[in-house]
Amino acid sequence: MVGGTKIISRIHNATHNHNQTKDGETEVHHRPKRGWIWNQFFVLEEHIGPDAQYVGKLHSNSDKGDGSVRYILSGEGAGSIFIINEVTGDIHATKSLDREKKSHYVLHAQAINLNTNKPLEPESEFIIKVQDINDNAPKFPDGPFVTSVPEMSEVGTSVFQVTATDADDPTYGNSARVVYSILHGQPYFSVDPKSGIIRTALADMDREAREHYSVVIQAKDMAGQVGGLSGSTTVNITLTDVNDNPPKFPQKNYQVFVPESAQVGKPVGKMKASDEDIGINAEIKYSILNPEGAGMFSISTDKDTREGVITLRKPLNYEKKKHYSLHIAAENTHLDPHFTYLGSFKDDATLKITVGDVDEPPVFSMDYYIMEVYENTRVGTEVGAVTARDPDSKNSPVRYFIEQREDKAVYFDIESISGVIRTTQLLDREDTPWHNITVMATEEGGYQKALQVLDVNDNPPMINTEDEIIICESTRAGQVIQTITAVDKDDFANGKGFSFSFPGGIPANPNFTIKDNEDSTASIIARRRRFHRLTQELYELPVVVWDDGEPVLSSTSTLMLRVCSCQRGTRLKICQGEAFLSSAGLSTGALIAILLCVLILLGDKKEPLIISEEDIRENVVTYDDEGGGEEDTEAFDIIALRNPAAAEELKFRRDVRPECIRPWSSRRPARGRHSPSSLDIDEEMDIGEFIKQRVAEADQDTSVPPYDSLQTYAYEGQGSPAGSISSLGSAGAHSEVDYNSLDDWDPKFEKIAELYGEEVETASESTEKAESEKQT
């Protein structure tokens, strides 16, 4: 082996040619053995080195190394991709090769004698193969994929098979050996690492709970080892429906009102059972179970709405039967035997039909009467009598009368109560042998009838939006602001239940939410704490309400919510009356002060502006600003109170901004670096006396309105036997600690030693200077 490549030798054996000479002697010609030896076969693809890649070496046995042999290379890529050293026979690849574009090259080699310019050997052919490296990631050329699997499938059910392709050489190494894994979609699905078959991994996956799944499959080469390249694809899986849900009636008891005048063969009511399945798995067949109900009514399925339509089979009679009870069953028409273990795919409910009474006209005992009477009988002769009765349950008295015609003479009359017919004129058979009269019977009281109009759900429910809803500024998050309900003009059967929600398709409301109480009311609930009237006073809140009638109707109402400063100590949400200048931000005390100033100017009297102690309290402005502690170098320096003599030198008005800076309010020196002026503070001065002077000055100063410059002084006294642990007074006292010892500490404390060393030197210099000035 040379350079990792196979040495291939081609040896041409010497041949002996025997020729006869003239003298009979045999002349023997010896041809020397010659052969080729070269390194070939493989060259790595994607070579990116700075130098040309060495491929192999051509060598002839005739080459003695004296430079008399010239090697020539021809064929695919010769001269452009592959170059040869004509003297040594070394072959190099000058370009980066891609095995996926061309896997091998066929070339020809020849050795030529430079002296004779003739070939030393016949031209020979050899192949250079491009050796593969892992430079191609697996791909799914047909992805993403869409497939489906029935819901409730068993674990391990095959769903889909994915196949990835790798452009690398499958016969060399693991560059094209692909392993599959699942990146997204667990624990619902799994994938076989070798075959790429996706299977269900979770039992009883229910389409009604979740229908669509997005599974991401990864293919990784190098047999899944670290460093392998990978590619991924998405498989969108849909659970198809199976009949695993029985039909269900929303409620167990229904009722309907049917007038006795309902026509036979016409629908008198509807019922609907819901089924969470779809397609043929949700088809329902309705039936009436009890014989009494089935004899009077029939039920059929509306294919479009899947409702059970109840139809009247026989006439109703309120006087004979006022109520009917129907036991109705709903069952699926296409059952799956795999899911019979889930129970019966049937549900039942009871429908109570109330027959309505209709005021029917009286009924004669006979459809027609034939009566005889002699002609020329006296007037008032009784001819006969008719009888009629009221078929209604109340059996009202019947009254009779004869229908009169204006174009004919009246020959008969009837008693309204008894129905007896008598003559009113002499009759002449030769003139009129037959008299046809029409007798009318009516219930006592005339033709007054009550007509009930049956209701249909044609009015949507409405929310009362006339009254504003009040929100207190102190409302807390989660607090119920108002409970709302709705009204419906329809009958209770078409609008007895209401549901509430926010309109769909709009962003979630950041301020309010709505909770359906499931009792035809809803609660408006705050989602955040505290509302500010000055920031936003009115809020508009759209709310959708719908009924449970058939069909379902809904409407959207906009509620107006007003933010108010509610009265404290009471549950009543009542807006407090605001002052007419409240919008300007003026408080009650400020208004009183303005009015007092006006009165003083009008009276030209110098009256004190402060009327009572109550006025001062009402006009104190409180700022809840928290100081920064010892690091707050901008705050008021307490040293000013400890040196009233220095403060006395600078008196200025407190109602205007001073032009100079107070000595004690300048930035305090850093800790451990006290200024010399702070070291000369007289600790024995009477602070209480200083505060009294300041109070007197504030009381006598008439140039400043008192309600803007309330000054508070507090003095705790002095003489406490316990020392203070505060750092406030540290600036005014010398430290007796010897910081020179810090020089002996570890090098880590070198900086601290330098800082405190400078402090000691500065303090010493200040002391010496002060003593020299005193002596002078």
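Cβ atoms are placed via backbone N, Cα and C, with glycine included.
No curator has checked TrEMBL annotations; they are predicted automatically.
Per TrEMBL, the listed range annotated as region 'Disordered' is 757-776 (candidates: 657-676, 757-776). In TrEMBL, the feature region 'Disordered' is placed on 711-740, out of the ranges 111-140, 441-470, 711-740. According to DSSP, the domain 'Cadherin' (463-580) comprises 4 helix, 51 strand, 63 coil.
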